[in-house]
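Undergrad: Pasting in a structure now, in structure tokens, and then I'll have a few things to ask.
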Amino acid sequence: MVPKLFTSQICLLLLLGLSSLEVSLHAKPQQFSWAQWFRIQHIQTTPLHCTYAMRAINRYQPRCKNRNTFLHTTFADVVNVCGNTNMTCPGNASLNNCHHSGVRVPLTYCNLTGPQTISNCVYSSTQANMFYVVACDNRDPRDPPQYPVVPVHLDTII
């Protein structure tokens, strides 16, 4: 009985350690608000190939991000989506601060395909016109004052 309990406790500690590592890999850099980090990760008015575009994101992380979506629209247009009807987030049913874009936008989906060394991340690019769903929150003091509610998470593309 004792070895089984001890083994279970070790497994639990390992699981907790791995989950905290996963959270730290997806955490935003401390110097940015959630909206600023959203803008860096997901707003790109002029499409670039993913291998180049992802450098702006990967330089703040200790690894090559596996995948990412760039919306080819303005931050102000995405802020306007925050005014659409609230809905449960399709990507996380425990959140109800999501909003559907209502219109399709051009976007680029990036998928890591090459070496996973931070200095040499290689991506494939897929272009599409799709709807998107964003989570929005009240602005942080570091966010532009003209936007009381700002996008903080790209939940889903549809």
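Just so you know, glycine gets a Cβ as well, placed from its N, Cα and C.
So Swiss-Prot lists these for the protein:
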SIGNAL    1-27  signal peptide
CARBOHYD  TRP34  C-linked glycosylation site
ACT_SITE  HIS42  active site, proton acceptor
BINDING   LYS65, ASN66, ARG67, ASN68, THR69  substrate binding site
ACT_SITE  HIS153  active site, proton donor
Undergrad: Translate the DSSP assignment of HIS42 (active site, proton acceptor) into the three-state scheme.
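TA: In three-state terms, HIS42 (active site, proton acceptor) counts as helix.
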Undergrad: Which of these binding-site residues has the least crowded Cβ, counting other Cβ atoms within 10 Å: ASN66, ASN68, THR69?
TA: ASN66
Undergrad: Would you list the other residues of this chain near substrate - those whose C-beta lies within 8 angstroms of the C-beta centroid of LYS65, ASN66, ARG67, ASN68, THR69 - in sequence order?
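TA: Nearby residues not in the site list: MET54, TYR109, CYS110, ASN111, LEU112.
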Undergrad: Tally every other Cβ atom lying within 10 Å of the Cβ atom of the residue listed as 'C-linked glycosylation site'.
TA: 19
Undergrad: Going by C-alpha distance, which of the recorded positions TRP34, HIS42, HIS153 is nearest to ASN66 (substrate binding site)?
TA: HIS42
Undergrad: Could you tell me the C-alpha distance between the residue listed as 'active site, proton acceptor' and ASN68 (substrate binding site) in angstrom, no decimals?
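TA: Spelling it out, the Cα of the residue listed as 'active site, proton acceptor' and the Cα of ASN68 (substrate binding site) are 8 Å apart.
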Undergrad: So how many other Cβ atoms are close to LYS65 (substrate binding site), meaning within 10 Å of its Cβ?
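TA: Excluding its own Cβ, LYS65 (substrate binding site) sees 17 Cβ atoms within 10 Å.
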Undergrad: Using a 10 angstroms cut-off on Cβ to Cβ distances, just flag whichever of HIS42, ARG67, HIS153 is the loneliest among these recorded positions.
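TA: Minimum Cβ neighbour count within 10 Å, taken over the recorded positions HIS42, ARG67, HIS153, occurs at ARG67.
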